[in-house]
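Notes follow once the structure below has been shown.
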Amino acid sequence: MSNNFISDWLPVTVTLATFAILTWIAQRLLFNTLKHTGDENIFARQLAMLTLMLVGLVTVVIMLPVSESLELQILSLIGLVLSGLLAFSSTTLFSNLMAGALMRFTQPFRTGDFISFDTYFGRVTELGLFDCEIQTQTRELVSIPNSALVKKPVSVIRRSGTIISVELSLGYDLHHSRIDDLLLQAAIQTELEEPFVHITHLGDFSVSYKVSGLLVEVKNLLTARSNLHRHVLDCLHDNDIEIMSPTFISQHAGPDVERKIAHSPAFNQVQSVTTAEDVVFDKAEQAQQQASDKVAILEQIKSLEAQMPDTEKDQRKAMERRIDTLQQELSEIKSVVETPEDE
């Protein structure tokens, strides 16, 4: 009886051990050795692990020392359970999985991009299997399900530049040509390219203006918006121009009435050493820098590997050492980013 027990269950034990070893090797290979391939490829690695585990489960069932009819019943039960899980979770896990796969093909945004979704605005820090993580303007990390990103529009700020603008209201007693010049001056001081001014509304008591310009360095988006507001205030107030609300009713008694306008102070203003983006989007900046460094290092490795067949033996050894060094740098970059923030 013991011999029959061993002969019946030995294949099952060997199969379990084999797939356990394969799973461990795949885990090491996909998430340690190949971790330098970046967060953009984590979806394929996670899907490969899931497929391997499902194949292992089916193989173990086939190797069980049971009758063929019972084996088919077990496989049918597994299929029924999986179908039920997919059916009941079609609006959650499965939909997020399919949405994640779709986003890998369309690539609407990448790590480090500014995106606006629903009521959230921030920079992408991670593209996961089921969700996307962004870092908001308050430095919070928000996970958005992939299915939600597919169902609703997502606004992505282009890396080549974006338009920033300021709207304000001024009185009818000011000619628009003078205002245009001052607002353009404010945009130039903010270092915006190709600035322009529009009159957006003629109200009952005020005129609405909108000054805009192209910001090339989108990483400094928050600071640039603040600087544009600041320079608009300075340019207008220093020229004795009063900014008012669209609902403000002007009732000046005469031309000699005193206006309370804040002018630029004569003393030196304190300049902030740190920009807001360095503090607010630290993880997103780190993720984008990591992706850029990986691309640069992988290009170096590819170039060295292409040159190796045509080089001499001594130079080939030097290239191999250089490739090993670059591979180590890739691993170090990933390990630094994976370290928890609180440690």
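Placement of Cβ uses the backbone N, Cα and C atoms for every residue, glycine included.
Under the heading transmembrane segment, TrEMBL lists 6-26 (among others).
Residues annotated as transmembrane segment in TrEMBL: 47-66 (among others).
According to TrEMBL, the feature transmembrane segment maps to 72-94 (among others).
Helix, strand and coil content of the domain 'Mechanosensitive ion channel MscS' (92-154), in residues and according to DSSP, is 20 helix, 23 strand, 20 coil. The feature domain 'Mechanosensitive ion channel MscS' is assigned by TrEMBL to 92-154.
Residues or ranges marked as coiled coil by TrEMBL: 281-336.
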- Item | Integer mean pLDDT for the domain 'Mechanosensitive ion channel MscS' (92-154) | 86
